[in-house]
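Undergrad: Sequence annotations record features per position, and here TrEMBL assigns domain 'Toprim' to 3-118. Among the features that TrEMBL reports, site 'Interaction with DNA' is placed at His33, Arg144, Arg145, Asp148, Tyr153, Trp160, Arg302, Arg491. The feature domain 'Topo IA-type catalytic' is assigned by TrEMBL to 134-559. What TrEMBL records for 168-173 is region 'Interaction with DNA'. The feature active site, O-(5'-phospho-DNA)-tyrosine intermediate is assigned by TrEMBL to Tyr300.
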Amino acid sequence: MSKSLVIVESPTKARTLSRFLGSDYELEASMGHVRDLPKAKLGVDVERDFEPQYVIPRDKRKVVEHLRSVVSKAKSIILATDPDREGEAIAWHIANIVGEVKNKKEESNLKRIVFHEITKEAVEKALKSPRSIDLKLVDAQVARRVLDRLVGYKLSPLLWKKVRSGLSAGRVQSVAVRLIVEREREIEQFKPLEYWSIEALLRKQQAESSEEFEASLIQKDGKRIEIKNDKEAKEITKELEEKNTTWQVAKAEQKEVKRHPYPPFTTSTMTQTSANAFGFTAKKTMKLAQDLYEQGLITYHRTDSVNLSQISISSARAFIKKTFGQEFLPSLARLYKTKSKLAQEAHEAIRPTRLAVTKDTLQMSSDHQKLYSLIWNRFLACQMKEAIYDQIILDIKAGKYLFRATGSTIKFSGWMKVYGRSEGDVSDNEEKNVPALSVGTVLALVKLLPTQHFTEPPPRYTEATLIKTLEEKGIGRPSTYAPIISTIQERNYVELEQRKFRPTPLGAAVSDFLVKNFPEIFDPSFTAKMEDQLDDIAKGEKKWIPVVAEFYKPFSQVLAKVFDQSEKVKVFLELTNEQCPEGHPLVIRYGRFGKFLACEKFPEHKYTKGFEEKLDTKCPDSGDAVVIKRTRRGRPFYGCSAYPKCKWMSWKLPKETSAVQV
């Protein structure tokens with residue numbers, strides 16, 4: 001071959017690199033990890049310093065054979081895997097396989113390069129400064145893998161014995177399930193309290209045609225007011241409607257309010273924003289981002305950093321000046337500080353590699369375009385001037401009561417120009433349009449608007465809020481958020497109901513069992529502490545074997561005790577009003593594709609049927625209730641409860657329908 005061999009993870013990444021690497025380079029893909037722990041056994045020698053017993057998976061044997069073949073002919077080997085712990089570990093495994101082929105004298109020919117974007121400039125720069133494999137990063141990945149294997153492999157037999165066969169648990173995933181279970185308990189125990197608000201619709205007294213605006217009741221006799229029931233609301237309303245009540249502006253304040261742009265995306269904020277904007281799952285967002293990264297369109301998408309390179313900032317500032325004008329450019333570049341403790345492992349934030357490539361010029365799917373546009377807008381906006389609002393606050397006296405009206409309009413759109421906002425638009429957060437009035441202005445009451453409310457329980461977690469909470473608590477890292485969320489659903493420990501997580505009876509039972517018997521290990525703060533220790537390993541401040549040993553010794557002792565002493569757990573079954581053909585009640589069970597109905601005596605009685613969950617939403621065609629159904633592959637969709645009389649179906653709730661192919 002007499003060429004330099006560049007090894008990456010995927011064929012797409014290899015193809016992108018081949019566009020600007022010359023004929024002196026040959027590219028190969030490892031198709032991810034080439035070695036892993038075995039599936040059929042523990043694969044960790046706990047008696048010998050937790051030594052991992054790596055094997056080449058069956059589906060990777062041909063890949064490894066091919067790599068060994070091309071490595072033997074290469075002039076030098078360049079490992080260009082992703083710039084994180086996982087990528088470093090893949091490079092290390094490849095190097096071990098390469099070491100079986102290359103002579104020791106030639107070891108200096110094996111190089112590791114790192115780049116955070118797949119562009120000609122970044123790759124050429126990386127080729128000029130190769131390094132050796134960072135064993136500290138590898139050790140951090142090994143420690144995580146070993147810890148997860150020890151917990152999962154050791155707990156599974158316990159769950160089979162005490163709960164149900166076929167179950168499994170994860171060190172981090174089980175903590176995520178615990179959060180969802182605890183939130184559900186908060187909701188169940190919540191008792192709503194009644195309260196009332198009173199809005200006043202007002203206008204200037206001397207101008208019949210003047211614009212009307214709303215003000216909210218906030219005080220009585222100078223103290224914050226709380227209206228607890230209908231009786232109190234009626235008494236106040238009656239008092240305010242008396243003819244001798246004078247409504248007058250007591251205080252008028254006009255000021256400028258600045259709104260700064262958001263920082264550029266991290267993995268966490270990108271997945272949260274795409275979930276809120278498009279309803280994308282974390283798994284889908286990460287797959288789309290992976291495609292964009294491998295095509296050289298965005299920087300590396302697994303990052304907790306908001307740092308930006310000086311080159312990218314200069315590029316953004318030049319683009320802003322040319323596209324929007326000097327007035328949208330701050331005098332100094334905006335710099336964002338990363339909160340992550342892993343400063344030395346910090347990458348750049350997620351950003352486009354070339355601003356000249358816009359959503360409209362992107363030759364990819366509409367979903368790719370949506371995510372790319374989100375990243376493009378966020379990056380550009382983060383380097384623009386702040387938006388400025390004209391805010392008006394009026395305090396209005398009505399006898400012993402004080403009302404307040406607040407409104408704001410955009411004076412200078414600044415960074416919001418990227419999102420299509422213009423001067424004169426009403427603020428996102430304040431839809432009331434309030435006139436500029438002076439102190440002493442007498443107002444006329446048009447009408448009072450008393451409204452009943454009830455306090456609401458804490459909301460169930462969505463994917464976005466769960467990721468936000470995991471990040472805030474220090475649980476997981478950019479590479480693990482999406483797998484955590486996918487795994488807890490695949491195990492049927494939680495389910496999505498109208499995009500919100502609720503625990504299944506099985507998930508609640510398993511979580512309660514683990515928390516009761518392993519209170520420390522499945523505590524969020526303990527899991528966060530373990531993440532910090534993995535970070536310390538990556539920084540070279542700790543060795544991985546003592547960290548694992550410190551965890552495993554007490555864990556194994558508690559495990560043995562729980563095996564012997566804990567009682568078997570009974571999983572609560574949800575009864576329905578339906579019966580099987582033999583007259584036994586049908587209960588809700590969970591399978592590979594979610595809920596199904598089965599005879600109470602299942603598996604002795606084999607009768608099962610599909611589960612349909614009725615929603616409070618009406619079918620747009622028939623007016624009957626909408627139900628959640630599933631395709632043969634398990635994908636949920638919405639249908640009419642009157643089927644087959646009404647054949648309406650949609651992937652989405654009736655507000656935004658699209659055709660379904662079942």
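Glycine is treated like the rest: Cβ placed from N, Cα and C.
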Undergrad: What is the separation, in Å, between the Cα atoms of His33 (site 'Interaction with DNA') and Arg145 (site 'Interaction with DNA')?
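TA: That separation, Cα to Cα, works out to 13 Å.
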Undergrad: Could you tell me how many residues in the domain 'Toprim' (3-118) are helical, how many are strand and how many are coil under DSSP?
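TA: Final tally across the stretch: 43 helix, 23 strand, 50 coil.
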Undergrad: Run through the region 'Interaction with DNA' (168-173) and tell me, per DSSP, how many residues are helix, strand and coil.
TA: 1 helix, 0 strand, 5 coil
Undergrad: Using a 10 Å cut-off, grab the number of neighbouring Cβ atoms around the Cβ of Tyr153 (site 'Interaction with DNA'), all chains included.
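TA: Counting Cβ neighbours of Tyr153 (site 'Interaction with DNA') within 10 Å gives 16.
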Undergrad: From the Cα of Trp160 (site 'Interaction with DNA') across to the Cα of Arg491 (site 'Interaction with DNA'), what is the distance in angstrom?
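TA: Between the alpha carbons of Arg491 (site 'Interaction with DNA') and Trp160 (site 'Interaction with DNA') there are 14 Å.
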Undergrad: What average pLDDT does the predicted model assign to the region 'Interaction with DNA' (168-173)?
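TA: Mean pLDDT across the region 'Interaction with DNA' (168-173) comes out at 94.
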Undergrad: Using all protein chains in view, find how many other C-beta atoms are within 10 Å of the C-beta of Arg144 (site 'Interaction with DNA').
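TA: Excluding its own Cβ, Arg144 (site 'Interaction with DNA') sees 25 Cβ atoms within 10 Å.
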Undergrad: According to DSSP, folded down to helix, strand and coil, what is Arg145 (site 'Interaction with DNA')?
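TA: Note: Arg145 (site 'Interaction with DNA') is helical by DSSP.
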Undergrad: What is the interatomic distance between the Cα atoms of Arg145 (site 'Interaction with DNA') and Tyr300 (active site, O-(5'-phospho-DNA)-tyrosine intermediate), given in whole Å?
TA: 22
Undergrad: Using a 10 Å radius around each Cβ and all protein chains in view, which of these recorded positions has the most neighbours: Trp160, Tyr300?
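TA: Counting Cβ neighbours within 10 Å, the top one is Tyr300.
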Undergrad: Using other CB atoms within 10 angstroms as the count, which residue among the recorded sites His33, Arg302 scores least?
TA: His33
Undergrad: If you measure Trp160 (site 'Interaction with DNA') to Tyr300 (active site, O-(5'-phospho-DNA)-tyrosine intermediate) at Cα, how many Å is it?
TA: 40
